[in-house]
Amino acid sequence: MAITQEDVLRALSYVEEPDLGKDLVTLNMIEDVRIDGLNVSFSVILTTPACPLKELIHNACVRAIHTMVDKNAVVNVNLTSRVTTARAANSAILSGVKNIIAIASGKGGVGKSTVTANLAIALARTGAKVGLIDADISGPSMPTMFGVEDHRPHVFQTPEGKNLILPIEKFGVKLMSIGFLAPSDNAIVWRGPMASSALKQFISEVDWGELDYLLIDMPPGTSDIHLTLVQTVPVTGALIVTTPQKVALADAQKGLQMFRQPQINVPVLGVIENMAWFTPAELPDSKYFIFGEGGGQKLAEKHEVPLLGQIPLVQSIRETGDQGTPAITQEGTPAAAVFEQVAEEVARQISIRNAVTPRTQVVEMNR
Ligand SMILES: Nc1ncnc2c1ncn2[C@@H]1O[C@H](COP(=O)(O)OP(=O)(O)OP(=O)(O)O)[C@@H](O)[C@H]1O
(Lines of atoms letter the chains of each structure in order from A and count residues from 1; the text may use other names and numbers.)
(Lines give C-alpha, C1' and ligand atoms only; values in the text may rest on other atoms or scores of the structure.)
Protein backbone atom coordinates (compact mmCIF):
# COMPACT_ATOMS: atom_id res chain seq x y z
CA MET A 1 0.00 0.00 0.00
CA ALA A 2 1.25 3.48 -0.85
CA ILE A 3 2.67 5.48 2.03
CA THR A 4 0.58 8.55 2.89
CA GLN A 5 1.33 11.80 4.70
CA GLU A 6 -1.00 10.65 7.48
CA ASP A 7 1.06 7.48 7.96
CA VAL A 8 4.22 9.55 8.32
CA LEU A 9 2.69 12.05 10.76
CA ARG A 10 1.10 9.28 12.81
CA ALA A 11 4.49 7.57 13.18
CA LEU A 12 6.22 10.85 14.07
CA SER A 13 3.57 11.57 16.69
CA TYR A 14 5.26 8.79 18.67
CA VAL A 15 8.62 10.57 18.63
CA GLU A 16 9.10 12.67 21.73
CA GLU A 17 11.26 15.78 22.06
CA PRO A 18 12.99 14.57 25.23
CA ASP A 19 13.47 18.01 26.80
CA LEU A 20 10.00 19.34 26.07
CA GLY A 21 8.22 16.07 26.91
CA LYS A 22 5.81 16.25 23.96
CA ASP A 23 5.82 14.65 20.53
CA LEU A 24 7.22 16.34 17.42
CA VAL A 25 3.82 16.64 15.71
CA THR A 26 2.10 18.25 18.71
CA LEU A 27 5.03 20.66 18.98
CA ASN A 28 4.59 21.63 15.28
CA MET A 29 8.17 20.59 14.63
CA ILE A 30 7.42 18.63 11.43
CA GLU A 31 7.18 20.43 8.10
CA ASP A 32 7.44 19.72 4.41
CA VAL A 33 6.53 16.01 4.34
CA ARG A 34 7.17 14.52 0.88
CA ILE A 35 6.57 10.99 -0.28
CA ASP A 36 7.71 9.42 -3.51
CA GLY A 37 7.18 5.68 -3.53
CA LEU A 38 9.37 4.39 -0.70
CA ASN A 39 11.24 7.69 -0.38
CA VAL A 40 10.02 9.65 2.63
CA SER A 41 11.45 13.06 3.47
CA PHE A 42 10.47 15.73 5.99
CA SER A 43 11.96 18.61 7.96
CA VAL A 44 12.27 18.65 11.73
CA ILE A 45 12.34 22.23 13.00
CA LEU A 46 14.50 22.19 16.12
CA THR A 47 14.31 24.97 18.73
CA THR A 48 18.00 25.85 18.27
CA PRO A 49 20.74 25.04 15.77
CA ALA A 50 22.90 24.18 18.81
CA CYS A 51 20.54 21.35 19.83
CA PRO A 52 22.59 18.62 21.53
CA LEU A 53 19.84 16.06 20.84
CA LYS A 54 20.03 16.34 17.03
CA GLU A 55 21.32 12.85 16.42
CA LEU A 56 18.98 11.27 18.92
CA ILE A 57 15.92 12.94 17.35
CA HIS A 58 17.09 12.06 13.85
CA ASN A 59 17.51 8.39 14.75
CA ALA A 60 14.17 8.25 16.58
CA CYS A 61 12.40 9.63 13.49
CA VAL A 62 13.97 7.06 11.17
CA ARG A 63 13.15 4.27 13.60
CA ALA A 64 9.52 5.40 13.89
CA ILE A 65 9.04 5.38 10.10
CA HIS A 66 10.70 1.97 9.74
CA THR A 67 8.70 0.47 12.59
CA MET A 68 5.30 2.01 12.00
CA VAL A 69 5.18 2.83 8.26
CA ASP A 70 7.46 0.63 6.16
CA LYS A 71 10.69 -1.09 7.10
CA ASN A 72 11.98 -0.56 3.55
CA ALA A 73 11.32 3.19 3.43
CA VAL A 74 14.26 5.40 2.50
CA VAL A 75 14.01 8.14 5.11
CA ASN A 76 15.55 11.56 4.62
CA VAL A 77 15.29 13.75 7.74
CA ASN A 78 16.20 17.38 7.17
CA LEU A 79 17.15 18.84 10.55
CA THR A 80 16.78 22.59 10.60
CA SER A 81 15.94 25.10 13.32
CA ARG A 82 13.92 28.14 14.29
CA VAL A 83 15.13 29.57 17.60
CA THR A 84 12.27 30.03 20.04
CA THR A 85 11.52 33.13 22.04
CA ALA A 86 9.46 34.00 25.09
CA ARG A 87 9.32 37.68 24.11
CA ALA A 88 6.19 39.50 23.04
CA ALA A 89 5.85 39.82 19.25
CA ASN A 90 5.49 43.60 19.36
CA SER A 91 8.40 44.49 21.69
CA ALA A 92 9.41 48.10 21.18
CA ILE A 93 12.96 47.57 22.39
CA LEU A 94 15.39 45.13 20.74
CA SER A 95 12.47 44.04 18.60
CA GLY A 96 14.55 41.68 16.41
CA VAL A 97 16.18 39.91 19.37
CA LYS A 98 14.68 36.59 20.43
CA ASN A 99 16.63 35.90 23.63
CA ILE A 100 18.48 38.27 25.96
CA ILE A 101 20.90 36.41 28.22
CA ALA A 102 22.77 38.02 31.15
CA ILE A 103 26.06 36.40 32.13
CA ALA A 104 26.93 37.17 35.73
CA SER A 105 29.35 36.13 38.42
CA GLY A 106 29.61 37.10 42.02
CA LYS A 107 33.35 37.43 42.30
CA GLY A 108 35.61 39.17 39.79
CA GLY A 109 38.22 37.31 37.80
CA VAL A 110 36.43 33.95 37.69
CA GLY A 111 36.58 33.97 33.89
CA LYS A 112 33.10 35.28 33.12
CA SER A 113 34.27 37.27 30.09
CA THR A 114 36.34 34.37 28.78
CA VAL A 115 33.36 32.05 29.07
CA THR A 116 31.01 34.61 27.46
CA ALA A 117 33.30 35.25 24.47
CA ASN A 118 33.75 31.55 23.78
CA LEU A 119 30.06 30.85 24.29
CA ALA A 120 29.03 33.61 21.84
CA ILE A 121 31.38 32.33 19.14
CA ALA A 122 30.38 28.70 19.79
CA LEU A 123 26.69 29.58 19.32
CA ALA A 124 27.46 31.55 16.16
CA ARG A 125 29.39 28.59 14.77
CA THR A 126 26.27 26.41 15.03
CA GLY A 127 24.52 28.86 12.72
CA ALA A 128 22.74 31.00 15.31
CA LYS A 129 22.63 34.80 14.97
CA VAL A 130 24.52 36.11 17.99
CA GLY A 131 25.22 39.51 19.51
CA LEU A 132 27.35 40.36 22.53
CA ILE A 133 27.28 43.40 24.79
CA ASP A 134 30.34 43.86 26.98
CA ALA A 135 28.93 45.80 29.92
CA ASP A 136 31.80 44.87 32.23
CA ILE A 137 33.13 48.23 33.39
CA SER A 138 35.55 46.56 35.77
CA GLY A 139 37.70 45.78 32.76
CA PRO A 140 36.08 45.57 29.34
CA SER A 141 38.10 42.71 27.87
CA MET A 142 36.00 41.76 24.82
CA PRO A 143 37.85 44.02 22.33
CA THR A 144 41.10 42.20 23.28
CA MET A 145 39.56 38.74 23.24
CA PHE A 146 38.02 39.37 19.81
CA GLY A 147 41.22 41.01 18.54
CA VAL A 148 39.43 44.27 17.70
CA GLU A 149 40.97 46.76 20.19
CA ASP A 150 41.63 49.31 17.47
CA HIS A 151 38.18 49.14 15.93
CA ARG A 152 35.66 51.91 16.49
CA PRO A 153 32.02 51.28 15.63
CA HIS A 154 30.52 53.48 12.89
CA VAL A 155 27.41 55.56 13.36
CA PHE A 156 24.85 55.94 10.58
CA GLN A 157 21.56 57.73 10.17
CA THR A 158 18.35 55.83 9.48
CA PRO A 159 15.85 57.17 6.90
CA GLU A 160 13.83 58.38 9.93
CA GLY A 161 16.79 60.52 11.00
CA LYS A 162 17.82 58.42 14.01
CA ASN A 163 21.52 57.82 14.66
CA LEU A 164 22.37 54.14 15.10
CA ILE A 165 25.69 52.49 15.97
CA LEU A 166 26.85 49.55 13.85
CA PRO A 167 28.30 46.82 16.06
CA ILE A 168 31.73 45.40 15.21
CA GLU A 169 31.45 41.95 13.65
CA LYS A 170 34.04 39.25 14.32
CA PHE A 171 33.90 35.44 14.37
CA GLY A 172 30.25 35.73 13.29
CA VAL A 173 29.33 37.69 16.45
CA LYS A 174 28.07 41.29 16.55
CA LEU A 175 29.94 43.01 19.36
CA MET A 176 29.55 46.24 21.33
CA SER A 177 31.82 47.05 24.23
CA ILE A 178 32.27 49.83 26.70
CA GLY A 179 35.93 49.38 25.71
CA PHE A 180 35.19 50.85 22.25
CA LEU A 181 34.07 54.10 23.85
CA ALA A 182 37.15 54.85 25.97
CA PRO A 183 40.75 53.68 26.00
CA SER A 184 41.29 50.96 28.62
CA ASP A 185 43.48 53.18 30.84
CA ASN A 186 40.41 55.40 31.30
CA ALA A 187 38.28 52.57 32.70
CA ILE A 188 37.96 54.37 36.01
CA VAL A 189 35.57 56.94 34.47
CA TRP A 190 33.02 54.17 33.92
CA ARG A 191 31.60 54.26 37.40
CA GLY A 192 27.91 54.42 38.19
CA PRO A 193 25.46 56.30 36.05
CA MET A 194 27.74 56.67 33.02
CA ALA A 195 28.10 52.94 32.70
CA SER A 196 24.36 52.48 33.10
CA SER A 197 23.65 54.99 30.38
CA ALA A 198 26.22 53.32 28.10
CA LEU A 199 24.38 50.03 28.57
CA LYS A 200 21.06 51.71 27.74
CA GLN A 201 22.64 53.19 24.65
CA PHE A 202 23.93 49.77 23.58
CA ILE A 203 20.42 48.42 23.93
CA SER A 204 18.47 51.15 22.18
CA GLU A 205 20.91 52.83 19.80
CA VAL A 206 22.76 49.90 18.24
CA ASP A 207 21.63 48.30 15.01
CA TRP A 208 21.43 44.71 16.27
CA GLY A 209 19.06 43.56 13.52
CA GLU A 210 17.72 40.03 13.91
CA LEU A 211 19.42 38.01 16.65
CA ASP A 212 18.69 34.60 18.15
CA TYR A 213 20.80 35.29 21.22
CA LEU A 214 22.07 38.56 22.65
CA LEU A 215 24.57 37.82 25.44
CA ILE A 216 25.34 40.51 27.99
CA ASP A 217 28.60 40.25 29.91
CA MET A 218 27.75 41.91 33.24
CA PRO A 219 30.22 43.38 35.73
CA PRO A 220 31.03 41.12 38.68
CA GLY A 221 28.86 41.40 41.77
CA THR A 222 25.47 43.04 41.94
CA SER A 223 25.43 46.64 40.84
CA ASP A 224 23.47 49.51 39.39
CA ILE A 225 24.10 48.05 35.96
CA HIS A 226 22.24 44.87 36.85
CA LEU A 227 19.26 46.95 37.91
CA THR A 228 19.48 49.08 34.76
CA LEU A 229 19.44 45.94 32.65
CA VAL A 230 16.35 44.38 34.22
CA GLN A 231 14.58 47.76 34.18
CA THR A 232 15.34 48.26 30.47
CA VAL A 233 14.70 44.88 28.84
CA PRO A 234 12.97 41.60 29.69
CA VAL A 235 15.95 39.33 30.35
CA THR A 236 15.21 35.82 29.06
CA GLY A 237 17.54 34.21 31.58
CA ALA A 238 20.78 34.52 33.52
CA LEU A 239 23.88 32.33 33.52
CA ILE A 240 26.08 32.25 36.61
CA VAL A 241 29.81 31.69 36.16
CA THR A 242 31.85 30.61 39.18
CA THR A 243 34.99 28.77 40.11
CA PRO A 244 34.70 25.88 42.60
CA GLN A 245 36.41 27.99 45.27
CA LYS A 246 34.44 28.66 48.47
CA VAL A 247 34.70 32.47 48.30
CA ALA A 248 33.67 32.50 44.64
CA LEU A 249 30.69 30.26 45.35
CA ALA A 250 29.44 32.46 48.17
CA ASP A 251 29.49 35.48 45.84
CA ALA A 252 27.99 33.51 42.95
CA GLN A 253 25.10 32.57 45.21
CA LYS A 254 24.43 36.25 45.92
CA GLY A 255 24.42 36.96 42.19
CA LEU A 256 22.05 34.08 41.56
CA GLN A 257 19.71 35.15 44.34
CA MET A 258 19.56 38.68 42.98
CA PHE A 259 18.01 37.47 39.72
CA ARG A 260 15.57 35.34 41.67
CA GLN A 261 14.25 38.11 43.90
CA PRO A 262 10.48 38.26 43.40
CA GLN A 263 10.56 41.84 42.12
CA ILE A 264 13.28 40.97 39.55
CA ASN A 265 12.23 37.42 38.67
CA VAL A 266 14.69 36.56 35.91
CA PRO A 267 14.98 32.78 35.42
CA VAL A 268 18.43 31.39 36.23
CA LEU A 269 19.31 29.01 33.39
CA GLY A 270 22.20 27.35 35.17
CA VAL A 271 25.69 27.47 36.58
CA ILE A 272 28.93 27.23 34.60
CA GLU A 273 31.95 26.13 36.60
CA ASN A 274 35.15 27.64 35.24
CA MET A 275 38.66 26.67 36.30
CA ALA A 276 37.08 23.43 37.50
CA TRP A 277 40.49 21.77 37.54
CA PHE A 278 43.95 22.46 36.18
CA THR A 279 45.25 20.37 33.31
CA PRO A 280 48.87 20.96 32.26
CA ALA A 281 49.46 20.87 28.49
CA GLU A 282 52.05 18.11 28.87
CA LEU A 283 49.69 15.92 30.96
CA PRO A 284 46.33 16.26 29.13
CA ASP A 285 44.69 13.47 31.16
CA SER A 286 45.59 14.86 34.58
CA LYS A 287 43.25 16.91 36.74
CA TYR A 288 44.43 18.99 39.69
CA PHE A 289 41.58 20.46 41.69
CA ILE A 290 43.43 23.57 42.77
CA PHE A 291 40.30 25.60 43.60
CA GLY A 292 38.48 22.66 45.23
CA GLU A 293 36.22 20.04 43.72
CA GLY A 294 32.50 19.88 43.03
CA GLY A 295 31.63 23.43 44.11
CA GLY A 296 29.69 24.27 40.95
CA GLN A 297 27.65 21.10 41.27
CA LYS A 298 26.80 21.87 44.89
CA LEU A 299 25.72 25.42 44.04
CA ALA A 300 23.58 24.14 41.17
CA GLU A 301 21.97 21.47 43.32
CA LYS A 302 21.29 23.85 46.18
CA HIS A 303 19.39 26.22 43.89
CA GLU A 304 17.88 23.49 41.72
CA VAL A 305 19.39 24.68 38.46
CA PRO A 306 21.48 22.65 36.01
CA LEU A 307 25.27 22.63 36.01
CA LEU A 308 25.80 23.55 32.35
CA GLY A 309 29.44 22.61 32.14
CA GLN A 310 32.86 22.43 33.75
CA ILE A 311 35.67 24.24 32.01
CA PRO A 312 39.23 23.32 33.00
CA LEU A 313 41.98 25.82 33.73
CA VAL A 314 44.34 25.39 30.81
CA GLN A 315 47.04 27.70 29.62
CA SER A 316 45.76 27.77 26.04
CA ILE A 317 42.42 29.28 27.13
CA ARG A 318 44.26 32.24 28.65
CA GLU A 319 46.73 32.55 25.77
CA THR A 320 44.17 32.38 22.99
CA GLY A 321 42.02 34.95 24.81
CA ASP A 322 44.96 37.35 25.08
CA GLN A 323 45.80 36.81 21.41
CA GLY A 324 42.31 37.70 20.22
CA THR A 325 41.56 34.19 18.92
CA PRO A 326 39.48 32.55 21.68
CA ALA A 327 39.88 28.83 22.39
CA ILE A 328 36.67 27.93 20.54
CA THR A 329 38.23 29.11 17.27
CA GLN A 330 41.03 26.52 17.64
CA GLU A 331 39.19 23.72 15.89
CA GLY A 332 39.65 20.16 17.08
CA THR A 333 41.25 21.09 20.43
CA PRO A 334 39.90 19.76 23.75
CA ALA A 335 39.25 23.34 24.92
CA ALA A 336 37.11 24.08 21.85
CA ALA A 337 35.16 20.88 22.46
CA VAL A 338 34.38 21.91 26.04
CA PHE A 339 32.99 25.28 24.93
CA GLU A 340 30.94 23.61 22.18
CA GLN A 341 29.33 21.40 24.81
CA VAL A 342 28.64 24.31 27.15
CA ALA A 343 27.05 26.26 24.27
CA GLU A 344 24.78 23.32 23.44
CA GLU A 345 23.68 23.03 27.06
CA VAL A 346 23.02 26.77 27.29
CA ALA A 347 20.96 26.76 24.06
CA ARG A 348 19.07 23.73 25.31
CA GLN A 349 18.16 25.42 28.60
CA ILE A 350 17.00 28.55 26.75
CA SER A 351 14.69 26.38 24.61
CA ILE A 352 13.31 24.63 27.68
CA ARG A 353 12.85 27.96 29.46
CA ASN A 354 10.94 29.35 26.47
CA ALA A 355 8.67 26.31 26.41
CA VAL A 356 7.79 26.15 30.08
CA THR A 357 8.36 29.50 31.82
CA PRO A 358 6.23 32.61 31.33
CA ARG A 359 7.71 35.64 29.65
CA THR A 360 10.00 37.82 31.83
CA GLN A 361 8.60 41.24 32.68
CA VAL A 362 10.67 44.42 32.68
CA VAL A 363 11.15 45.53 36.30
CA GLU A 364 9.19 48.69 37.12
CA MET A 365 11.23 51.54 38.50
CA ASN A 366 10.33 52.72 42.00
CA ARG A 367 11.29 56.32 42.38
N1 LIG B 1 39.47 28.28 31.94
C2 LIG B 1 40.51 29.11 31.94
N3 LIG B 1 41.77 28.67 31.77
C4 LIG B 1 42.85 29.52 31.79
N5 LIG B 1 42.72 30.83 31.98
C6 LIG B 1 41.49 31.34 32.16
C7 LIG B 1 40.33 30.52 32.13
N8 LIG B 1 39.24 31.33 32.33
C9 LIG B 1 39.72 32.57 32.44
N10 LIG B 1 41.06 32.61 32.36
C11 LIG B 1 41.96 33.76 32.49
O12 LIG B 1 41.68 34.33 33.77
C13 LIG B 1 41.72 35.76 33.71
C14 LIG B 1 40.37 36.34 34.15
O15 LIG B 1 39.40 35.97 33.19
P16 LIG B 1 38.23 36.94 32.73
O17 LIG B 1 38.74 38.30 32.42
O18 LIG B 1 37.46 36.23 31.71
O19 LIG B 1 37.41 36.99 34.10
P20 LIG B 1 36.15 37.87 34.51
O21 LIG B 1 35.41 37.08 35.51
O22 LIG B 1 35.41 38.34 33.34
O23 LIG B 1 36.89 39.07 35.20
P24 LIG B 1 36.30 40.51 35.62
O25 LIG B 1 36.03 40.40 37.06
O26 LIG B 1 37.45 41.42 35.31
O27 LIG B 1 35.12 40.78 34.81
C28 LIG B 1 42.08 36.09 32.26
O29 LIG B 1 43.46 36.27 32.19
C30 LIG B 1 41.69 34.84 31.48
O31 LIG B 1 42.46 34.66 30.32
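Cβ from N, Cα, C; glycine included.
Look at TrEMBL and you will find Gly106, Lys107, Gly108, Gly109, Val110, Gly111, Lys112, Ser113 tagged as ATP binding site. Annotation comment: TrEMBL describes 6-78 as domain 'MIP18 family-like'.
Known features from TrEMBL, placed on the structure.
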residue: Gly106; record: ATP binding site; CB count, 10 Å: 24
residue: Lys107; record: ATP binding site; CB count, 10 Å: 20
residue: Gly108; record: ATP binding site; CB count, 10 Å: 14
residue: Gly109; record: ATP binding site; CB count, 10 Å: 13
residue: Val110; record: ATP binding site; CB count, 10 Å: 25
residue: Gly111; record: ATP binding site; CB count, 10 Å: 21
residue: Lys112; record: ATP binding site; CB count, 10 Å: 28
residue: Ser113; record: ATP binding site; CB count, 10 Å: 25
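Contact annotation for binding-site residues (Lys107, Gly108, Gly109, Val110, Ser113) versus ligand 1: Gly108, Gly109, Val110, Ser113, each with CB under 6 Å from a ligand atom. In three-state terms derived from DSSP, Ser113 (ATP binding site) belongs to a helical segment. As a whole-number mean, the pLDDT of the domain 'MIP18 family-like' (6-78) in this prediction is 97. Excluding Gly106, Lys107, Gly108, Gly109, Val110, Gly111, Lys112, Ser113, which define the ATP site, the same chain contributes Ser105, Pro220, Val241, Thr242, Thr243, Ala248, Asn274 within 8 Å (Cβ to the Cβ centroid), listed in sequence order.
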